[in-house]
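Report on the structure given below.
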Amino acid sequence: MTGSNMSDALANAVCQRCQARFSPAERIVNSNGELYHEHCFVCAQCFRPFPEGLFYEFEGRKYCEHDFQMLFAPCCGSCGEFIIGRVIKAMNNNWHPGCFRCELCDVELADLGFVKNAGRHLCRPCHNREKAKGLGKYICQRCHLVIDEQPLMFRSDAYHPDHFNCTHCGKELTAEARELKGELYCLPCHDKMGVPICGACRRPIEGRVVNALGKQWHVEHFVCAKCEKPFLGHRHYEKKGLAYCETHYNQLFGDVCYNCSHVIEGDVVSALNKAWCVSCFSCSTCNSKLTLKNKFVEFDMKPVCKRCYEKFPLELKKRLKKLSELTSRKAQPKATDLNSA
């Protein structure tokens, strides 16, 4: 376009805002082909010039950044700031792409997608883990899905068995697969190797073996059924197919002393329908030691030596004697009257 044609075009042009013509020496603002007087190129809300020429356009009207945010920009559900540019709409809220993150692992979800879980937005792996936790199941560490059947445990992690093949024969593995020296084998191939299997963890035993309860065990896995501490070569006691350390075997199955309430180790004194340590069986009045050969009487469910008994008031001794006679009479079997029939 020649200079004369340009002048003619400007002479016929009008301001986009006020529709007035331009004077020949006037400065004109051109915004995407739209012409404005310099004083007309202002924010449609506050009527002020755009700071540094930056403006936002909405429905044919131009706004400064502040007014555009106040009028139209959504607030981020995470940081609370206005969102300019891409908006993520999810969970009945608006988000900056960088603010919309998994509530458990903090990974960005904008381009990954998310799953709603108990009012939370989670990435799919975290959702699967939470789902598995609620069902009491494992999550496969390869595909990150719930393992509905029995998992294959490999290097302390759970997997779907069909992700692996036997190192020896190449067959797809099942949950019965065995790990040996960092490799996985199907059960038949593993059994051919003659490696013992631990009765606790069901894994091969490559070092020292403990033979007990008709099974083989890793040393650290052969433990007391009560306290779960390894025996580590110490003596164990067996009961109904389980192994116990001496302390807990005595606590569970041994006699408890009526006096000290401890499990009785060694000889047991049985008297007054109770069990006593040899050292605890004594006169409850003078504390002199008693044996079953000594004469004693029962008073307040405890033994009293003959010497202390003789010091009791006469009335008390009569009552004790009568009580003893009644007790012995009840203990005797009743005679049958043959003439009563």
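Just so you know, the numbers here start at 1 and follow the chain as drawn.
Each Cβ is built from the backbone N, Cα and C atoms, and glycine gets one as well.
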Item to complete: Write down the residue from THR167, THR327 that Swiss-Prot flags as phosphothreonine.
Response: THR327
Response to the item:
What Swiss-Prot calls phosphoserine, among SER324, SER328, is SER328
Worksheet item: Which numbers of helix, strand and coil residues does DSSP report for the domain 'LIM zinc-binding 3' (138-195)?
Response: 9 helix, 18 strand, 31 coil
